[in-house]
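Everything on this sheet refers to the single structure shown next.
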Amino acid sequence: MMDDIQAWKSLERQGLVRGEQPEFETHDSPWYIKILMAFSGWLASIFLFLFMGFSLFMTLDIFDSEFAMFTLGGVTIFGAYLLLMSSKNEFIEHAGLAFSLAGQAFIAFALISGTNDQPHLLSSSFAILQGALVFLMPSFVHRVFSATIAFYCINFTLSFLGLPYIGIGLLMLLTSWLWLHEFHYPKYQQFISAFAYGSTFSLLYIKGNLFFAQQELVLDLFGIDATIYTQPWHGQALACVALIYVTWKLASRYRLATNIHKGVLILTTLLICAASFEMTGLLLGSLLLILGYQSSHRLLMGLGILALLTFISAYYYFLDITLLEKSQTLILFGLLLLIIRWSLKKWVFIKTEAHHE
């Protein structure tokens with residue numbers, strides 16, 4: 001890893017910074033100290049919230065007034081903002097997040113009362129709130145959390161409008177763009193990174209809900225037909241588009257020799273998409289693994305591997321088809337991947353290296 005001096009010189013050569021090198025003061029705590037401080041911040045905040053909530057509940061009928069709940073939520077979030085601005089350590093950061101969550105809960109209760117059982121208005125309003133907090137809050141942890149909730153609410157808004165399978169496909173396209181362009185705009189890099197992490201976490205959670213039909217249960221609760229305008233294969237098709245987009249961008253970035261090689265990679269991606277059409281979650285795991293590998297992002301690669309193992313294992317125990325058919329499908333898919341890998345190494349990458357030489 002580069003130290004601060006090397007990193008500054010590298011940025012200066014690329015024209016991203018100018019002037020004298022600032023003095024770097026780093027006081028990074030060990031990971032176990034960070035966990036302890038974060039736990040302490042949440043524990044202290046929980047006891048404070050219990051005391052404040054009990055006092056307000058006993059003295060004021062605050063939960064009977066939408067305006068009072070909205071005002072109290074706004075004041076609490078502003079207090080969290082001031083707390084996060086005051087210091088930069090794990091205790092303050094997580095205590096500020098806890099304060100902000102309490103304020104958001106008050107605003108959520110006010111929105112529930114004010115939207116008159118219109119879930120799409122509730123989810124869209126809360127998505128706007130979370131999107132604003134991504135830009136306003138001076139904490140990266142808070143930004144990631146708000147971005148995750150914002151994308152989840154946007155997906156639910158589309159679901160309540162009768163488009164449940166479109167949201168996750170669009171989110172996969174957005175996630176791909178964010179990770180591929182994370183460092184292309186240095187001025188907005190912190191926001192892009194927060195949105196990238198948020199979209200990734202929300203993707204995994206939404207895909208899990210779809211896989212285990214939890215989202216359909218919620219839609220049934222509100223009397224919404226999930227298949228009015230869309231079908232499950234629409235989401236799979238958009239996921240294929242996202243994977244093809246990533247393949248094309250990476251092939252262009254690493255300058256494969258000819259368009260023929262790029263075409264072979266695209267056809268290979270299409271073949272993988274077609275073979276995995278019935279295995280929900282496989283394309284998402286593959287996408288995260290590729291995005292993590294292209295940037296040496298260990299967390300992203302780990303999430304991709306975990307997603308692949310989880311969704312493949314869950315598919316194996318799914319009850320829609322027999323165990324024998326699922327075993328045959330997985331064996332054939334594994335053999336297909338091995339054949340594709342051998343073919344690419346033999347006919348594409350070797351010729352590409354020879355062309356560059």
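Just so you know, the numbers here start at 1 and follow the chain as drawn.
Heads up, the Cβ atoms here are built off N, Cα and C, so glycines get one too.
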Exercise. Of 7-29, 191-213, 214-236, which span is tagged transmembrane segment by TrEMBL?
Worked result: 191-213
Exercise. Taking pairs 6 or more apart in sequence, does the count of Cβ pairs under 8 Å between the transmembrane segment (67-85) and the transmembrane segment (263-293) hit 3 or more?
Worked result: no
Problem set entry | Any contact, the transmembrane segment (299-318) to the transmembrane segment (91-112), with at least 3 Cβ pairs under 8 A | no
Exercise. Is the transmembrane segment (91-112) packed against any residues at least 6 beyond its ends, judged by a Cβ distance under 8 Å, and which are they?
Worked result: 37-38, 40-42, 44-46, 49, 63, 66-67, 69-70, 72-81, 83-84, 122, 125-126, 129-130, 133, 137, 139, 141-142, 145
